[in-house]
Structure formats: C-alpha cells, structure tokens
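J.: Attaching a single structure in structure tokens format; questions to follow.
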C-alpha cells in the first residue's frame with residue numbers, strides 16, 4: 001500500500017509520527033500535522049537529509065553484472081551427407097552501475113577517460129549551462145513581453161468600458177431631455193387648448209378641429225418618446241454584449257498566461273535537474289528508497305532532454321563501430337552504445353507488474369527490487385464488472401471447447417463439474433443439457449446453438465415444383481387388440497392367407513398392402529395388437545389417413561383398443577369401427593358400442609362422426625360395407641399428392657437380409673419413386689437397386705400411397721424415418737454421415753453422463769443382480785418391441801441389461817461380445833450361422849431361439865426369478881417349558897423341560913422367553929432324554945436341554961423352538 005500522508009508513512013516506517021515530523025522539518029519539508037500529504041519528492045528530500053546526517057558519501061559506488069545464456073541447436077550436414085545436430089550456446093554479459101542522477105552517471109561513464117578529457121567535459125558543461133541560462137533568459141523575456149501585452153489589452157479593455165459607460169450616460173441624458181421637452185410641449189398645448197376653449201366657447205366646429213389636431217400631435221409625441229426609449233435600450237444591450245466579450249477575452253488571456261507559466265515551470269525544473277547536481281529543495285528528483293537503483297518515470301520534456309546529455313558519454317563507441325555484428329563483440333562494461341543500439345536489448349529487463357514494456361525503466365528484475373519502482377497510481381487496480389457472455393452450446397461439446405467459448409481455463413469448468421458431483425476430463429464430451437447447466441453456473445447465458453448441419457440444405461434446396469396435385473389412394477391402418485381378427489379381416493379383403501404364416505397366429509410385423517376395388521385403390525397397414533408393439537402402432541397411425549378400429553363383438557374394448565383410439569385422436573385421424581366376429585353366438589355389438597362411446601368414439605346413429613360396421617372375417621359379412629365407408633371417408637378428406645415430383649415417404653419396416661442386405665419397406669407419400677433413384681432414410685443412404693411390391697414382384701416405379709420394398713441402402717434404416725429422394729449421391733452421403741456422427745456423439749455423451757449416476761445407484765442399492773442379454777431380431781419393429789418388453793421386467797434386485805440389439809442373424813461378433821459380457825443371446829426369428837454356433841459351444845454361450853414374443857418374455861422372467869435371493873422364513877416347530885434347572889460342572893446350566901407343543905429337534909434354533917419377553921436367541925447345544933442324546937423329542941415328553949452361550953435359565957422360562965427355511969421367490 002502506498003503512503004499518502006505523514007501518519008501512513010510513519011506507520012510504514014514503524015516510527016512515531018512526531019519524530020517523523022521533526023525529521024521532515026529538519027530536511028526542509030514543511031509539514032505541520034500528521035494528515036499533511038507526502039509526495040515522492042518530499043520522501044526523497046528526507047532520505048537525502050538522513051543520508052547526509054549519518055555521514056553517507058557519494059563516492060560509494062556499486063555495480064551489478066548480469067550474465068545471460070541462450071542455448072539453441074542447428075543441424076548441419078557433414079562431408080558424407082549425414083545430418084548432425086550441433087549445440088550452440090550464446091552468452092551475454094552486461095554491467096550496471098548505480099547512479100544517483102544523470103550528471104553522476106555521466107561522470108561514472110567517463111571514469112576510464114584521461115584527465116585531459118575532464119577539462120573538456122567541464123568546458124562542455126559550462127557551455128551547456130550558459131546556453132541553458134540564455135534559453136531561460138529568452139523564455140523569461142518572452143514571458144515578460146506577453147505579460148506586458150496582457151496589461152496593454154487590460155488597459156484597452158478598461159478604456160473601452162469607460163467609453164461605453166460615458167456613451168450610456170449620454171444616451172440616458174438625451175432621453176431625459178427628450179422626455180422633458182415632450183412634457184413642456186404637452187403643457188403648452190393644454191394651456192393653448194384651454195385658452196382657445198375660453199375664447200371660442202360658441203364656436204363648436206372650430207374647437208372640434210382643434211381637439212383633433214391636438215390628439216394627432218400627442219400621438220406623434222408618444223411615438224417619438226417610444227423610439228427614444230428603444231434606442232436607449234439597444235445602446236444598453238450593445239454595451240452589455242461588449243462587456244461580456246471583454247470578460248471572455250480577459251479569461252482566455254489569463255488561461256493562456258497560466259498555461260505559459262506552467263509550461264515555463266515544467267521544462268525549467270527538468271533542465272536544471274539534467275545539468276546541475278541534485279539539490280534537496282528541488283521536488284522532481286529520483287526516488288531512492290533503501291539503496292535501490294531505479295528512477296521514477298520522467299515527463300516528456302525530461303525524456304527529450306536526457307539523450308542530449310547522455311550522448312557524449314557513449315558517443316565514442318557508438319560512432320566508431322557500426323551497429324550489427326560489431327556490437328556483439330563489445331565488452332559488457334565498455335560503454336552504453338551496444339546496449340542502446342541492439343533493438344532486443346533496448347527493451348531492458350522485464351519486471352513483474354511493469355506494463356511500460358521496458359521503456360524508461362531504470363531497474364532490474366529480481367526478488368529484492370521487484371515492485372519498488374511502482375508509484376501509488378500504478379498499484380491501484382479499479383474493480384471490473386464481471387463479463388457475461390452469451391454462449392452458444394451445441395448438442396455435444398467437449399470440456400475444452402466449452403471453456404474456450406467462455407474464455408476461461410478448462411480447469412475452472414472441471415472444478416465446477418466436480419462441485420456438481422461429476423468427474424470429467426478435459427477431452428470428455430458433454431451433452432447439451434449438462435453443458436448449459438455448467439454455463440449458467442459460471443454466470444454466463446447459455447443458448448442452444450443451431451448447428452451448421454447440411455440438413456438445412458434439404459429445406460433450402462427444395463425447388464418448388466409446379467406438379468399438379470392429383471387424387472391419391474387413402475392409407476388405412478388396421479388397429480385393435482390382439483386376437484380381435486385384424487389380420488384375418490385383411491386376409492378376406494386380400495383373398496390371402498397371411499395370418500396362417502405368422503407364428504402363434506398373432507401379427508408380429510407391420511405389413512403394408514394395397515387392394516384394388518371397383519371404386520378405387522386402398523392401401524392397408526396391418527399393425528400388431530400385442531402390448532409390446534406400441535411403437536409399431538404409433539408409426540402406423542403417423543403415416544395413415546384413416547384408422548379402421550377392429551373390436552371383437554364377444555370381447556369388447558380392451559387395453560390395446562384404448563391405446564389405438566388414443567393414437568388416432570393424437571394424429572387427428574378419422575376412425576371407422578369394424579365390429580368383428582358377429583357370427584359368434586356370444587357376440588354383443590350393442591355392448592361394444594356402449595364401451596366405445598365411453599372412450600369417446602360415438603357412432604353416427606348416436607349423432608357422432610364414426611361409422612360402425614358389423615363384419616365377420618370368417619364369413620365375409622359386411623366387408624363390402626366396410627370398404628364403402630372407408631372410400632367415403634377418403635372422398636370427404638379429398639386426399640391429393642403430386643405425382644410428377646421427387647418421392648417422399650416413410651419407412652414402415654426394415655430388416656437385414658443375408659442375401660439382399662439391408663431391406664426397407666417404405667410407403668410413398670408423395671411423388672414417384674423410380675428404380676435407380678438416390679434415397680436418404682435417416683442415417684442410411686443409397687441407390688435403389690431393386691424395388692418389389694407386397695407380393696414380391698419387381699416393379700419399376702411406385703406412386704403416392706403405394707408400399708414397396710427397396711434394396712441398396714448402406715445400412716438398415718430406423719423404422720419411422722423419413723425417406724427422401726435426392727438428386728446427388730454425394731449430398732446424400734454427406735447428410736447421412738453427419739447424422740451418424742451426431743447420433744453417435746449424443747449417445748456417447750448421454751452414456752457418460754449416466755455412468756456416475758448408475759454407479760452411485762448401485763453403490764446405494766447394494767449388490768444388484770444383472771441379466772445381460774444380446775437380442776437379434778428379423779425386423780427392427782420386433783427388435784424394438786422385444787427390448788422394451790424385457791426392460792420392463794427389471795426390478796430393484798434383478799436388472800435386465802441389453803448389451804446389444806440389432807437386426808439380422810447371429811454372427812461371430814455377437815458370440816464374442818456375449819463371451820466378454822457373459823450375456824445370453826436371444827434370437828427372435830433369426831438363427832446363428834455355423835461358425836457362430838461352433839464358437840458359442842466352445843465358449844459355453846447360451847443361445848435361445850424364439851418366434852413368439854410371449855415365450856421370450858416368459859423365459860426371461862423365469863431366469864430372473866432364479867437370480868432372486870431366496871426368501872428366508874421362520875417356522876415355529878414347538879414350545880418347551882422349563883420345569884427344573886441343574887448346574888452341571890464343565891457343561892453349565894441344563895434345563896429339565898417338558899415339550900408342551902409340537903416337536904423339538906436337535907438342529908433347531910431356540911428363543912428364550914421370560915414372562916413372554918424374548919431375552920435370548922441362539923442354538924441348542926444338547927438335547928437328551930434319560931442321559932441319552934436324541935435327535936428329537938415330541939409333545940408330552942420330558943427332556944434335558946442346554947442352550948449354547950446362555951446359562952441364565954430359571955424355572956418357568958419357555959423355549960420357543962423354530963427352524964429357518966428358504967423359499968424361492970418369483971417375479
């Protein structure tokens with residue numbers, strides 16, 4: 001902290017303020033109280049006084065030698081052409097001599113010059129002193145002339161003011177005279193008028209003329225008086241303006257004179273300081289505290305005058321040798337020319353906290369002298385406001401990138417995340433939510449960034465085609481509960497036998513068919529009704545125009561029926577209800593209608609908008625009415641789509657065929673899909689190599705609302721992905737690769753974020769059993785359904801862990817993964833190849849095959865039940881009453897007992913009850929009857945018993961005998 005007054009400086013020196021005031025008075029510094037301010041010059045004068053009073057001499061000179069060493073390497077080829085590395089070490093040595101001021105520095109610089117040079121130096125200094133005196137005299141003469149000029153201007157100003165005052169007085173006198181003359185004239189006129197009236201009282205016409213004349217004269221006199229007053233006012237305003245202008249000129253002249261005085265004072269002190277030896281009375285003197293060598297920063301005049309004084313001291317070496325390589329050969333203490341000419345050395349030695357860049361710094365770096373040259377102004381740093389940045393956070397970002405966006409160190413981000421309970425590294429990828437929380441925690445504003453993704457080109461690059469909107473067939477999704485006859489109804493419509501081909505008689509795949517009727521084409525989507533296929537049904541409702549809700553007349557509304565209604569309402573799709581199985585004796589269509597009304601589906605006959613059609617998939621009753629109602633709804637919707645345009649659609653189902661590769665069933669929603677088109681479906685892309693209809697027959701094109709199966713994609717696309725035709729395969733590849741990377745980054749970030757949470761959960765829950773599974777299915781929809789169904793089986797004690805799930809056959813990679821993770825492989829409608837089977841047998845990997853989802857779920861549930869810890873139950877087998885107590889040496893207390901209930905076995909556990917309160921629980925140590933060891937004693941018999949580690953048995957106690965049995969638990 002810099003000392004600003006006497007009291008603070010005394011506290012810094014750890015001495016009484018009164019003693020310091022006495023020393024300041026002795027040094028010639030006039031300070032009256034402890035609150036008086038102290039300048040650096042005052043402190044310097046006090047220091048000089050104390051040095052002189054203690055007998056310090058100016059001849060005590062010390063010097064400092066700095067040695068710099070720089071090592072570098074160069075590579076040079078020898079005669080054989082082989083490169084060699086040579087170490088080059090450059091050493092530089094400089095000597096600094098302590099100086100009190102510029103004059104003494106010049107004398108020290110000339111210490112090695114001969115005595116004859118001293119006389120020349122003295123003459124040169126006298127000449128410079130004479131020139132400085134002449135310059136000062138000239139400046140003083142100029143100042144006197146300017147002061148005389150200012151005095152003349154002041155006299156002129158006063159003269160002008162007096163003249164203006166005299167003019168103002170004259171104007172006032174003239175105005176008063178005019179007013180008096182006007183009053184006299186008016187009095188004469190009044191008297192004349194009265195005389196005229198007295199003389200000519202009878203002449204009325206003549207007096208009227210006289211009155212008019214008098215009124216005109218009075219008006220003229222008033223006008224003249226008004227003009228005189230205006231002239232006087234203008235003269236006064238002009239006088240005031242002149243006075244204001246004179247005052248401004250005087251102030252400007254005084255300010256100029258003050259500036260001249262300050263200008264004259266500043267260089268005079270600096271030049272005297274540069275020529276004459278330092279005097280205690282001169283304030284601008286170098287501050288020397290505690291024997292340091294530094295000098296305070298000088299004003300511009302001093303810095304301009306200093307080279308003129310320094311130059312002769314080092315002129316000889318600076319002028320005789322050129323700058324450059326010759327300067328490097330000079331000795332460190334030989335002169336100042338080499339130090340000043342070298343641009344790298346001119347910057348000086350940097351010290352910590354010095355922001356001057358080495359300019360005009362007279363101190364070295366080092367632990368003892370560090371920071372002493374700073375004045376009080378440089379030590380204070382104003383507080384700055386925290387900078388709040390707007391940070392754009394992408395979907396995934398590493399810790400280092402996030403820190404760079406906030407302009408802070410990565411270690412700060414890591415510290416904040418450690419406080420939040422998450423251990424991260426500098427290269428770890430964070431998801432968007434976590435990164436935004438960290439940004440908010442650090443006081444910045446987080447904004448979800450919009451990525452420069454190539455998908456934006458899809459929207460920007462869409463050319464508006466003028467293709468004509470033509471009517472298209474309706475897309476009808478058949479939905480309902482399992483076993484309500486959806487597929488059988490479609491079979492009757494298609495005249496096919498699809499249901500017989502499904503395993504277990506239930507639909508486990510989403511199917512797409514189009515049917516040609518006399519009134520038009522209808523495209524049907526058949527969705528599974530099992531509860532596991534929720535995602536499939538949601539995809540079917542998303543791509544549909546009309547929903548046919550199939551409800552069995554004998555079963556009514558079931559859970560999946562309600563779910564189908566919810567999907568249809570969420571998509572805003574009209575519903576046509578088909579009440580199936582009306583040919584059964586127990587069919588009750590009216591009950592079905594009432595249940596559907598309760599769910600919000602009101603029939604048309606009740607005033608609603610949903611047609612109800614009773615049908616029988618077995619006999620074909622009502623099929624035509626159903627198709628009629630579907631086409632009627634389609635006409636109301638007025639479904640249209642462009643045909644002559646690039647195709648767009650949706651992936652209904654996807655699978656991996658061993659011979660064909662990735663195969664996708666897509667529904668074209670607009671445009672026409674041709675064989676050879678480049679398609680993009682999610683992260684998969686490719687050229688359509690083959691296109692088949694639902695019957696497996698090749699086709700060249702597919703229009704709106706037509707389902708087709710395409711081949712040629714790079715990978716199996718996700719079910720529900722949008723399919724779009726692009727003109728360029730390069731653009732399709734770019735977008736697909738971008739989507740793959742984004743999906744991978746997001747998945748990795750979420751996995752890393754969940755690692756610590758799951759670890760802490762497992763630590764808190766104790767030992768949790770894991771059932772690792774690898775699932776391979778024939779199509780993606782079945783794989784999704786099976787994964788979701790199995791994950792729902794997880795409990796607090798046994799957890800289902802899906803290590804890997806994919807579409808396709810079971811390969812060696814799957815078996816190797818199962819070996820590493822100790823997982824069970826489940827194949828749903830898929831099989832393992834020969835190599836995978838052989839590898840699984842050698843590694844003991846269990847592979848299970850299923851074709852019905854019920855069986856897979858039930859067997860996994862049974863396996864999880866076997867992993868549950870068995871439940872321990874206590875079974876009370878008998879009660880014993882203590883009749884007598886015996887003390888047996890080396891054995892302890894033996895109780896003579898009567899078995900009052902049940903049976904007592906040797907291996908049982910026992911509780912000791914006293915007054916129906918349990919006082920001990922342990923095991924039987926011995927069980928005897930008539931001195932013979934027995935295994936059991938039944939009710940009504942006496943026996944002798946001893947309890948292990950318990951001898952405090954009294955008569956009247958009861959022993960409760962029990963056994964612990966383990967019971968297997970089930971889910």
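Placed from the backbone N, Cα and C atoms, the Cβ positions cover glycine too.
When I checked Swiss-Prot for this same protein, it listed these features:
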BINDING   480-487, 526-530, 580-583  GTP binding site
COMPBIAS  49-63  compositional bias 'Basic and acidic residues'
COMPBIAS  105-114  compositional bias 'Low complexity'
COMPBIAS  121-177  compositional bias 'Basic and acidic residues'
COMPBIAS  178-209  compositional bias 'Low complexity'
COMPBIAS  210-261  compositional bias 'Basic and acidic residues'
COMPBIAS  298-325  compositional bias 'Low complexity'
DOMAIN    471-640  domain 'tr-type G'
REGION    49-86  region 'Disordered'
REGION    101-385  region 'Disordered'
J.: For the compositional bias 'Basic and acidic residues' (210-261), what are the DSSP-based totals of helix, strand and coil residues?
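T.: Residue counts in helix, strand and coil order: 52 helix, 0 strand, 0 coil.
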J.: Using DSSP and three states only, what is residue 486 (GTP binding site)?
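T.: DSSP assigns residue 486 (GTP binding site) to helix.
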J.: Should residue 480 (GTP binding site) be counted as helix, strand, or coil on the basis of DSSP?
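T.: DSSP assigns residue 480 (GTP binding site) to strand.
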J.: Name the secondary structure element type, per DSSP in three states, that contains residue 582 (GTP binding site).
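T.: Coil, per DSSP.
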